[in-house]
Amino acid sequence: MSQSPKVGFVSLGCPKALVDSEQIITQLRAEGYEISGTYDGADLVVVNTCGFIDEAVQESLDAIGEALTENGKVIVTGCLGAKKSASGSGLIEEVHPKVLAVTGPHAVGEVMQAVHSHLPKPHDPFVDLVPPAGIKLTPRHYAYLKISEGCNHRCTFCIIPSMRGDLVSRPVAEVMLEAENLFKSGVKELLVISQDTSAYGVDVKYRTGFWNGKPIKTRMTDLVAALGELAAQYGAWVRLHYVYPYPSVDEVIPLMAEGPFKGHVLPYLDVPFQHAHPDVLKRMKRPANAEKVLERVQKWREICPDLTIRSTFIAGFPGETEAQFETLLDFIREAELDRVGCFAYSPVEGASANELDGALPDDVREERRARFMEVAEEVSARRIARKVGKTLKVLIDEVSDEGGIGRTAADAPEIDGVVYVEPATKASKRYKVGDFVSVKITGADGHDLWGEV
């Protein structure tokens, strides 16, 4: 039997891009291609790129260059594939003219066509080697579930719609089938992602779909309830990311707080507020009522006291005054957000914010970002310290002789904190990766927790 053709794969960018990579790799394996872990062991290389900010663009271009140097046969996909250069031609083709093919994001079919053109598929594909859940690039016990592609918003700092297009929601039955297959494969935590999770179904007018004979609207609240019911059957978690602060978010909070889904639909919201001053938010083309946001955050916590809120912000946006920045700091103190990230504003090629007046010097932008993070870390440290002495449910991510590393319901992988768990002293308390364990919290710093089983 002849050796199967081998494809190398480099995946860059956000969790949405990671899901695209998983779909491409799943299709490659379904058609009988092997995935090579090295450049020299591959017949060609696929590079999935990111093009959101300048640093990501450069990282992607460097990765393409490295793949060309080490292998020579490279197909490029992802957000950077849709980006144009100053001359109007494709940026990748201009910088790296030797690439075999370039596609935009979420383009499994186009990538496979390019692979077929340069590396014909085997005659006897090993379809049985591909699990129903597909090939995943995350650890076995958690996975990302992408429910839609694209975005209908036109935030002035963002170019995602120009690369990924307008919102396209996946059929609800398709999403539920993937979720079920993932749970059956041993996944203990599903991280629901998209460009705008709250907008799920807007493009199809919340059309009713069917799953196992039951009607489910193509709508965030209905989908979350269905996922929560499914997760409860498998003793698993569902975590929501990229939740735009629409009024409909209020409907999801009770699912986290009470009833059959409590403990399965996690009391966790990733809501990118971006700023708090109405004038800055208007220039960003974001919802501009910060006082109402504060009221909603307080109401959410009244309904669900255990709620963790993660958010991201931009400091030093064009035209931001010192007073407007102080308003942002006041918001962080009052809202008491649990997990916060902040970026010093950086111009992104193609973003309409580049045309706004009042661009701030680099040192001012960075100084404001640093001040923001000082305040945010003080708030986070206070909230985390309240967990000392409590017993929390922890999902174990890593195990070594020194103990385990896991996460609570308040911590998403890669971006939030962790719990350092003491080694189990009794056989009855031993744990492995993917286990849920009860941990008594004995210590905390500004970001992480320590505890014992």
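Backbone N, Cα and C atoms are what each Cβ position is placed from, and that goes for glycine too.
Binding of [4Fe-4S] cluster 1 is annotated in Swiss-Prot for Cys14, Cys50; the matching candidate from Cys79, Cys151 at the same site is Cys79. Cβ-based neighbour count (10 Å, all protein chains) for Cys50 ([4Fe-4S] cluster 1 binding site) stands at 22. Those same-chain residues not listed among Cys14, Cys50, Cys79 yet with C-beta within 8 angstroms of the centroid of the [4Fe-4S] cluster 1 site C-beta atoms are Leu12, Gly13, Lys16, Ala17, Thr49, Gly51, Phe52, Ala56, Gly78, Leu80, Pro105. Within the group of binding-site residues (Cys14, Cys79, Cys155, Cys158), the Cβ with the highest number of other Cβ atoms inside 10 Å belongs to Cys79. All protein chains considered, the CB of Cys151 ([4Fe-4S] cluster 2 binding site) has 21 other CB atoms within 10 Å. DSSP places the residues of the domain 'MTTase N-terminal' (5-120) in helix, strand and coil in these numbers: 53 helix, 24 strand, 39 coil.
Checked against Cys50 ([4Fe-4S] cluster 1 binding site), the binding-site residues Cys151, Cys155, Cys158 differ in C-alpha distance, with Cys158 being the nearest. On a Cα basis, Cys158 ([4Fe-4S] cluster 2 binding site) lies 12 Å away from Cys79 ([4Fe-4S] cluster 1 binding site). Between the C-alpha atoms of Cys14 ([4Fe-4S] cluster 1 binding site) and Cys155 ([4Fe-4S] cluster 2 binding site), the distance comes to 18 Å.
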